[in-house]
Amino acid sequence: MPPAPWPTPRTVRQAAVLHARLTASGYFLHPPSAHHLLNSLVNCLVPFDPLHLRYALHLFDRMPPSTFLYDTALRACFRAGSSSGDPDRPFVLFRRMRRAGIRPDGFTFHFLFKCSSSHRPHALLCTMLHAACLRTMLPSAAPFASNSLIHMYVELGLAADARRAFDEIPVKDAVAWIMVITGLAKMGMLCDARLLLSQAPMRDVISWTGLITAYSRAGQAKEAVGCFKSMLSEGIAPDKVTVIGVLSACAQLKDLELGRSLHLLIKEKGMLTSENLVVALIDMYAKCGDFGHARQVFDAVGRGRRPQSWNAIIDGYCKHGHVDVARSLFDQMEVRDIITFNSMMTGYIHSGQLREALLLFMSMRRHDLCVDNFTVVSLLTACASLGALPQGRALHACIEQRLVEADIYLGTALLDMYMKCGRVDEATIVFQRMGKRDVHTWTAMIAGLAFNGMGKAALEHFYQMRCDGFQPNSVSYIAVLAACSHSCLLNQGRLYFDEMRILYNIHPQIEHYGCMIDLLGRSGLLDEAMDLVKTMPIQPNAVIWASILSACRVHKHIDLAQCAAEHLLKLEPDEDGVYVQLYNIYIDSRLWENASKIRMLMEERQVKKTAGYSSITVAGQVHKFVVSDKSHPRILEITAMMEEISHRLKSVGYSPLTSQITVDVDEEEKEQTLLAHSEKLAISFGLISLAPNLPVHIIKNLRVCEDCHSTIKLISRLWNREIIVRDRSRFHHFREGTCSCNDFW
DNA sequence: TTAGGGTTAG
C-alpha cells in the first residue's frame with residue numbers, strides 16, 4: 001500500500017509529529033517517506049537554525065542508509081553553514097559511507113566540495129577528495145561535481161588546482177556526447193536524450209566563470225583575461241558573474257581599454273541592474289584612475305547605494321593620492337562598514353597623515369566596529385614608519401592572543417614592522433614561524449636585512465627564496481640591490497643588475513638605477529656612476545643626485561659634488577639637506593668661502609635647516625631630545641652620565657671631531673656643543689633608565705653626524721651595550737665598537 | 001528526491 005501524502009513540516013514540532021506518525025505506521029523505514037521527512041528538515045529548518053542539524057542527523061542515523069540519504073546528510077551539513085560546530089563532520093560522514101559500502105555519486109562529491117569551500121580544511125584533504133572523486137565516479141555523474149570542485153579551489157585560493165579541475169572536464173568529448181544525444185533525439189527517444197544532455201560533462205559558463213574568478217582572486221589577472229578570451233572564442237556567452245570576475249582582473253591590470261569594452265557589453269545586455277556588477281565597474285574605473293566614468297556610474301546608482309560602491313570609489317581616490325576627496329565622500333556616507341574605515345585609514349597612512357589615521361581608528365569603536373586583520377596591518381604599517389616598537393609589540397600580542405586571524409599579510413606586516421624598528425632578531429623569528437610565505441614576505445625580509453646593514457644575509461635569503469620556487473619581482477630586485485649598496489657588495493650588485501633583465505625580463509626602474517649608482521658611488525667608482533646616470537633611459541631624480549653627492553663627500557670629489565648639488569637645487573630648491581650636505585663638503589675640504597656662500601644662499605632663499613631630534617622609548621613612553629636640551633625632568637642625571645661618557649672616551653684616547661663645528665668659538669665650547677647633540681642626550685638617558693640587558697634604541701629624524709657615529713661605536717664597546725640608531729635613511733647597529741653600516745652612510 | 005559561479009580594504 002502506498003503511503004499517504006505526508007504533510008511538509010515547517011517547524012521542529014511539526015517534524016517531530018511527522019516523525020512519530022511515520023514511526024507508528026512503520027513508514028519510517030520506507031525510503032520515500034524517510035527521504036521526505038529528512039528533505040523537509042534540510043530545506044526548511046536547517047538553513048535558518050544550524051541547531052536543527054543535530055535533529056536531522058539523528059533521524060539520518062536511524063534510517064536505512066542509501067546514497068541519496070548520505071547526500072542529503074551532507075547537504076544538511078552544507079546548508080547549516082560553517083558556524084554549526086564540527087568542521088570535520090562531512091568528512092566523517094563520507095568515511096562512514098565508504099565503509100558501509102555505499103557508492104558515492106556526483107551529488108556526494110558536490111556537497112563535500114561545497115562543505116570544503118566554506119569550512120576551508122587543509123589543502124591536502126581537498127586534493128584527496130578530488131582524487132577520490134576521479135577514482136569513484138562515472139564520467140556521466142561528473143557535471144554536478146566539477147563546477148563545485150573548481151569553486152572549492154577558488155575559495156582556497158589555489159588557482160593552479162582550479163585550472164587542473166577545469167581541464168579535467170572533457171571538453172573534447174562534447175562532440176561525442178552531442179552526437180549520441182542528437183542520435184537518440186532523432187530516434188524519438190527524447191526523454192533519454194534530455195537525461196543524457198543534463199548529465200553530459202561539458203564546460204559551461206559556470207565552469208569558465210569559476211576559473212576566471214580563481215585567477216582573478218589569486219592575483220593572476222592576465223590569466224583571468226586570457227580565459228575570458230578563450231571562453232568567448234569557444235562561443236560561450238559571459239553573464240554578469242563572469243563580467244564581475246573580468247572587471248576585477250582589469251582593475252588589477254589597469255586595463256582601461258578592456259574595462260571600457262566590458263562597460264559597453266554591460267549596457268548592451270542590460271546588466272546594470274546588478275549592484276555587485278556596478279561595484280566591480282566603479283572599482284575598475286577608480287583603480288584605473290578614470291574618476292570621470294567612476295563618478296558617472298557611482299552617481300547613476302543614486303541614493304541608497306550599498307557601502308560597497310562607496311568603498312570602491314573611496315579606495316580609488318585614496319590609492320591615487322586624493323585622500324581629501326575620499327574623506328569628503330567618507331563623511332557623506334550614512335552607513336560605513338569596516339572596509340570603509342580600513343580603506344580610509346590606509347589612505348591616510350600611505351599619504352603620511354598618521355594622526356588622521358589614528359583619529360579614525362579611535363572613532364571605529366564609537367561605530368561599534370571591531371578591529372580586524374586589515375586594520376592591524378594598517379596599524380603595523382604606521383608603527384613601522386614611526387618606529388613605534390612598543391605599540392607594534394602590543395599589536396603582536398593581539399595577534400598571539402588570536403584576537404585577529406593571523407594570515408600571510410599580517411605576518412609580512414609584522415616582520416616589516418620589526419625590521420623598520422631595527423629588531424632583526426624578532427623579525428627573523430616571525431619570518432621563521434610563518435607557515436606560509438609569498439614573494440612579498442621574502443621581499444620584506446630581504447629589504448629589512450638590507451637596510452639593517454646585513455647585506456650578506458639578505459642575499460642568502462634571496463638565494464633561498466628562489467630555491468623555494470618563488471619568482472622575484474621588481475621590488476625584490478630593489479631590495480637585493482639595496483642590500484648590495486648598503487653593504488658595498490659591488491660584484492654581486494653588478495651581477496643582479498644584469499640578471500634581472502636576462503632571467504626575468506624585469507627592466508630597471510629609477511629605484512634600481514638609484515641603488516646601482518649608490519653602490520658605484522660608495523665603491524669610489526664615481527666616473528662609472530656618472531656614466532650610468534648619463535646613459536640611463538630615465539631622467540635622473542633627486543635620489544640619484546643625492547647618492548652622487550654623498551659619494552662625493554666621502555671620496556672628496558669637489559667638482560662633481562658641485563655639479564650634483566646644482567641638479568639637486570634645481571629639483572628640490574626648498575630641501576635643506578642639499579645645502580647642508582654641500583656646506584659640509586666645503587667645510588671638510590676647508591673651502592670656507594664656498595661654505596659661507598652656501599649659508600648666504602640658504603638665508604636668501606629662506607631655507608630653514610630642519611631641527612634635529614632624537615627619541616627613545618622607555619617604559620612605553622617616548623622621550624624626545626633636541627640639541628642642548630635642558631627640558632627633561634631627569635636632566636641632572638643625564639648630564640652626569642654625559643660627563644662620565646666624555647671622561648671614559650677621553651681615557652681611551654678619543655678626541656672629539658671639533659673640526660665639524662664651524663662657529664668661531666674656543667675648543668672647549670665646541671666639545672660641549674658636540675656632547676649636547678640630541679642622539680648623545682637620548683643615549684645617556686637610555687643608559688641610566690633601561691635595564692642593562694636591553695638594547696638602547698634611538699630614532700633620529702636626520703643623519704647621524706660623524707662625531708656621534710664614532711662616539712656611539714666607542715660607547716657600545718665601553719658599556720658592552722647594543723645601540724640601535726634609525727636615521728632618516730637606514731639603521732646603524734652598534735655592537736662591540738663597530739657599526740653595521742661599515743662607516744658608510 | 002538533491003545544484004552551480006559574485007564585487008569593495010592589507
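Note that Cβ sites are derived from N, Cα and C of the backbone, with glycine treated the same way.
Bear in mind that TrEMBL entries carry predicted annotations, made automatically and left uncurated.
Annotated features in TrEMBL:
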- A:204-238: repeat 'PPR' (REPEAT)
- A:306-340: repeat 'PPR' (REPEAT)
- A:438-472: repeat 'PPR' (REPEAT)
- A:653-745: domain 'DYW' (DOMAIN)
Inset, instruction - Average the per-residue pLDDT over the repeat 'PPR' (A:306-340) and send me the rounded value. - result: 95
Inset, instruction - Tell me the residue counts in helix, strand and coil for the repeat 'PPR' (A:438-472), as DSSP assigns them. - result: 26 helix, 0 strand, 9 coil
Legend entry - DSSP-assigned states of the repeat 'PPR' (A:204-238) in counts, ordered helix, strand, coil: 26 helix, 0 strand, 9 coil
Inset, instruction - Work out, from DSSP, the number of helix, strand and coil residues along the domain 'DYW' (A:653-745). - result: 37 helix, 16 strand, 40 coil
